[in-house]
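Per TrEMBL, the features are as follows:
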type	residues	note
DOMAIN	1-26	domain 'DNA topoisomerase type IA zn finger'
DOMAIN	33-79	domain 'DNA topoisomerase type IA zn finger'
REGION	84-112	region 'Disordered'
Amino acid sequence: MTVRKGRFGYFLGCSRYPECKGISKIWNKTGFKCPECLSKAERKENPGDVVERKSRGRGKPFFGCSRYPDCTFITNKKPENEQELAEAYQNWKDNPPKPRKKYGKSAKGESA
């Protein structure tokens, strides 16, 4: 595997491309474990890391769990220490993100 750059950033790609098409994303880790994973008993033994990601729309950075979609913890501010991460987690629990509004035929209940 070699480090390559694509339109979504750096990734690990097979050095024998196009014969081998294996790839893996390189995560920008913050060094903290996900507090949501640590609070769940079934994920406690293997919690996710808090990693930097980019939003689809404007490409703004946010920080979320590496185990998405199993864990949906996100925060906009980069945690500098455990206390800030705990505050962000409590804020996320008290005010969870609203589901996105769906557009198009599938949102109206029509099947394709």
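Backbone N, Cα and C atoms are what each Cβ position is placed from, and that goes for glycine too.
Automatic prediction, not curation, is the source of TrEMBL annotations.
Per DSSP, the domain 'DNA topoisomerase type IA zn finger' (1-26) is made up of 0 helix, 13 strand, 13 coil.
Broken down with DSSP, the domain 'DNA topoisomerase type IA zn finger' (33-79) shows 8 helix, 14 strand, 25 coil.
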